[in-house]
Amino acid sequence: MSFFNTFENFLDNLTDRFRSDLELNRPEDREIEVENERNDTANEVDSLTTAPMVVAVDFQAKPNAVNHFCDKYEIVERQQSAIVLRRGGSFTIEVEFNQELELKKTHSVKLYFNFGQRPSAAKGTQAALQVSGKKLFDKNHEEWDVRVDGQNGKKVTLEIQIPTDAPVGVWNPAVEVSLRKSSDSERHLLRSDTHIYILFNPWNKHDGTYLPDEEKRDEYVLADVGKIWVGNYPYPHGRPWVFGQFDDAVLPASVLLLERSGIAPESRGDPIRVSRAISKMVNSNDDNGVIVGRWDGKYEDGKSPSSWSGSIKIMEEYIRSKRPVRYGQCWVFAGVVNTVCRALGLPSRVVSNFASAHDTNVSLTIDEYVDEKGDEIDSSYRGVTPGGLYDSIWNFHVWNDVWMTRPDLPQGYSGWQVIDATPQETSDGSFQCGPASHEAIRRGQMEFKYDVPFVLAEVNADVVHWQKDDTAQDGFKKLTTNKRSVGRQVLTKKVGPIDNSGYSNADKEDITLEYKPQEGTTAERVTLLTAARRTRAARHAFRLMSQEVDDVEFTVEDLERVPIGEGFTVTLNCKNVSEAKRTVSVVMTSTSMYYTGAPAYPIKRREGEIVLEVGETKSMTMDVTYGDYYEKLVEHAMIKNLAICTVAETSYAWVGDDAMEIQKPDIKIEILSEAVAGQPLALRISFTNPLPITLRRCKLEVDGPGLLRPKTIEIGNVGPNDLMVHEMKVFPKKPKHCTVVVTFNSSQLYNLSGSTQVTINPAE
């Protein structure tokens, strides 16, 4: 049977244990059974032959995991046949034979480690180690090595060195013993059914993922709960997300993704190729990966993206069903990517870009079109992509940074690299993106792998407004260029504890300057123009002069957060700075929209005319009530307020907008009893319904790694403006600092979330 089939069977066995029956498979019971079998085998072997034989191998999973910063992996606790290690480190095993060995004179012992379906020593996927009896390692960090750590009767303790460039995934071990002068037929080989998971090692300076800062390793490798920043600039908010990389379903599933990715086994030690493969395999577009993306709001045959509270349930369902999970959007893709990366040992973080450009033709511009009257033109002019999207500005978009060296690029381009699993555009024929070096993006170096042009446009494209003009080249004249409306802010969670106080955002870190120079500076313009010279579409857009006439100034006032249930006012300000009277035709609209910038439903429209004398300033307003917008909202409750202004005397057309998010209440989580391992812990979950209507089909999603497994709880209807309260008990098993994450969804109000921390104390 091939390794792949064996591993698939292992995953099948794993799913059989989800989830309530874990207590029936206690590790201590299995250890007693294995010990009894071992003793029976030893007695039988001694009675039948005097030839040396391997009786058993103890891989000392728990102490080795501690030494490799892997003791949090649940698979170590719950699987007798699994050990989790990091490459570049060493681990010990205890081998029991049927007789006492003389390693330097009489007996020969060999260790074998195989990776993939066709292991090869030449390709680095097979190791054959002769136990010479030496007490010290004498090979360099890129080679396997073994030394004798001790011998006690029939048991020999060996320490094995793992190469710092070993492929990441499951290795299969075997131990062979023979007399030194015996023939091959007299050798005894024990093939172990133990899966040795070897991961990247950010603690080792020779590893390509080495991260020297301990606090950053704690955050970007070991933190199993974090935040994903969503919403709208300048008022983003953090959404709690359970990464859960140590869950016993996650590591096997992550290795399975690499198996299915098409990466050659010998290349799975390269963080560049592995991270690129992860960006491909987390979406389902090419390879039946983890998640199906959907943005049209129709989720009846799956689960709404906003209802997920973390990655564990998604990974479990992917293993159990053996098909992609429905549905996700960018923050879900990024959350799962972060889980897979951290599970495999790749330092990673979730990154949110506010006002994120989607450039479909590598022009480094987002092109918006109006007709001769200044009305927006149908999207067919905007270059429809295979994903059904066009040049647009997403209110926010979420991807991942991964930390690694880049030996394929010039010096100075290592460190954080962008990967993105959201299927937007193809790269090398597949829906994948990255790794793209931060430094290459910041400098506008389009030629460096991978996908730098696409990411650069996301954070630093210009927005160009075009007006239909039959006399102009290509049928459109260039009106205006907005150089500051894209990449308004790039955020990630800062190193350290999570802030649970809703919209305060004390745990956000602004990393905009890691992606581009300060907006509006000479350095920022040089970056974009350097990149523009390398693409024909960009050269065309940047060379054309704008036809704008700047004698009337327009602004749409930014709105702060509007609590759901309340109304708001859209305000347009106009100032005549010319030497003559100006007449302005105005069209103001308010439209609900998806977070991708795609319009959903029209909410309100107002048309009018403003006459401005020389130097005069006037305003036009449009009031929008709760009744106007409530039934038109879609996920994330985002609204785009747009003003289109045309100056009669000059034919100048101006387009301005303000994107806003209707604010929803946070969920409050209270700890009602003392948190002690082995004792029930009471929780209270609550929020106030802000709407004057009843909430129906209400569900809570509760998750807390180390405290409880992801759980869906159906609750009763919540009346108009009523307080929703749900109390429950969980049963912590051991001391641990935990984070509880809760989301709420109903037919009328959805995408509410909250989190809190709790420290489980040891029992007295």
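For all residues, glycine too, the Cβ spot is worked out from N, Cα and C.
Keep in mind that this is a model prediction, so the values were computed, not measured.
According to TrEMBL, the feature active site maps to Cys330, His397, Asp420. Feature annotation from TrEMBL assigns Ca(2+) binding site to Asn460, Asp462, Glu519, Glu524. What TrEMBL records for 322-423 is domain 'Transglutaminase-like'.
Checked against Glu524 (Ca(2+) binding site) by C-alpha proximity, the active-site residues Cys330, His397, Asp420 yield His397 as the nearest.
For the recorded positions shown (Asp420, Asp462, Glu519, Glu524), fewest C-beta neighbours within 10 angstroms: Glu519. In terms of DSSP helix, strand and coil, the domain 'Transglutaminase-like' (322-423) has 19 helix, 40 strand, 43 coil. Taking the C-alpha atom of His397 (active site) as reference, the shortest distance to any of the recorded positions Cys330, Asp420, Asn460, Asp462, Glu519 belongs to Cys330. Take the CB of His397 (active site) and look out to 10 A: across all protein chains shown you find 26 other CB atoms. The 10 Å shell around the Cβ of Cys330 (active site) contains 27 further Cβ atoms across the protein chains shown. Looking at Asn460 (Ca(2+) binding site) and Asp420 (active site), their Cα atoms lie 17 Å from each other. The average pLDDT computed for the domain 'Transglutaminase-like' (322-423) is 84. Looking at Asp462 (Ca(2+) binding site) and Asp420 (active site), their Cα atoms lie 21 Å from each other.
The two recorded residues Cys330 (active site) and Asp420 (active site) have their Cα atoms spaced 9 Å from each other.
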